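Engineer: To start, I am sharing the structure in question, which I have written as C-alpha cells.
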Amino acid sequence: MEIKNHSLITEFILLGIPHTEGQETLLFVVFLIFYLCTLLGNVLILLAVMSESRLHTPMYFFLCNLSVLDIGFSSVSTPKMLANLMMRNQVISFGGCMSQVFFYHFLGSAECWLYTVMAYDRFAAICHPLHYTIIMNRRVCALLAAGTWSTSFLHATILTTLTFQIPYCGSNEVNYFFCDIFPVVKLACGNIFIIETVSFTNIGLVPMICFLLILASYIRIVLAILQMRSAEGRRKAASTCVSHLSVVTLFFGPCALIYTQPSLSEMLVTPVQIFGNVVTPMLNPTIYTLRNKDVKGALKKLAGGQIVSSGGN
C-alpha cells in the first residue's frame, strides 16, 4: 500500500521529556549507561548461545530472538532522545518520524508475540516432556519465529500507513520524546477517526490476545507442576518459568498502564514509557543470566574464564 504524503510538513520537532529543564546532562549520562548496558548484555547473550552447542535448543533460540528485539526496540527512540538531551537536536525528518512509528510498533508487537511463543515452549517442555523434541522441532520453531516477525510487520505497516496518509499542515511540534501514533496524529489537519479507531483496536487487541494465551499456558503449567510427585522436579520446572514470567511482567506492566488508562497524567505516562523503552530491554538479559546456570557457564566460557576442575567429582 503506497503512502500518499499530502503534508506540508517536512519535519517534526520533538519537545522531549517534560519538566526536565536543567537536568539534561544527568539524564543523558543515565540513559546512555542504560543503552550501552542493553547493547552489551544482549550481544553477550547472542554470542553465548551461538558459541555453546548445549544451548542450541528451542528455549535459547527464542531467547536470541528476544535479544535481537531488545536491541532494536531500545534503538528506536533512545539514540534520538540522547541527541535531544545532549545537543538539543530536537528536529526529526518526516521520514525519520515514520520510521520511529513503524519500528516501535513492529518490534513491540513482535516482542509481545514472542513472549507468547516462549510461554508455549515452556508449556510443551513441562506438560509434555516426552514429546517435547517432536512438538518443538526445528521446523516448528522456525515457523513460530517467522510468524511472529511477519505478523508484526503487517501490524506496523497498517498502523504507519494510516498514520501518515493523513495531511499534516499545522504545527509540527510533537509533545513527546519520540514519534508515536497518538502524539503525532494530534497534529493532523484531517479526519483522524479511522486511525484512532484502528490503533486502539490493534494496539489493544494484540497484547490482550497474547496475555490470554500466556495465561492459559501458565494455568496448564501450574497444574502440571502441582501434580509432580518429586519436590526437586517441581522446583526445577518452576525455576525455568520464573525468568520468563519476570520479563513478561516488565513488558505487559507498562503496556497496561499506558494503553488502558487514557486519563493517566502526563507526569506518569512519560516515566512509564521510558521504563519500557530504555530500562526493560536492559533488564531482560540480566534476568535470564542471573537465574540460568547454563547461560552463566557459556558466558564464562566465552570470556575464557571457565575453570576446569582436575578432580573431586
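Numbering starts at 1 and runs along the chain as displayed.
The backbone N, Cα and C atoms fix where each Cβ goes, glycine too.
These figures come from a predicted structure and were not determined experimentally.
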Engineer: Given 60-82, 83-105, 267-289, which one carries TrEMBL's transmembrane segment label?
Structural biologist: 60-82
Engineer: In TrEMBL, which of the ranges 141-166, 167-192 has the transmembrane segment annotation?
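Structural biologist: Checking TrEMBL against the ranges 141-166, 167-192, the transmembrane segment one is 141-166.
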Engineer: By a Cβ-Cβ criterion of under 8 Å, what residues six or more beyond either terminus of the transmembrane segment (205-226) are in contact with it?
Structural biologist: 109, 112-113, 115-116, 119-120, 122-123, 126-127, 155, 234, 237-238, 241, 245, 248, 252, 255-256, 259
Engineer: Do the transmembrane segment (141-166) and the transmembrane segment (238-259) come close, with at least three CB pairs under 8 A (pairs 6 or more apart in sequence)?
Structural biologist: no
Engineer: Taking a Cβ cut-off under 8 Å, which residues six or more beyond the ends of the transmembrane segment (238-259) line up next to it in the same chain?
Structural biologist: 59, 66, 111-112, 115, 118-119, 122, 125-126, 203-204, 207, 211, 214, 218, 221, 225, 268-269, 272-273, 275-276, 280, 283-284, 287-288, 291-292
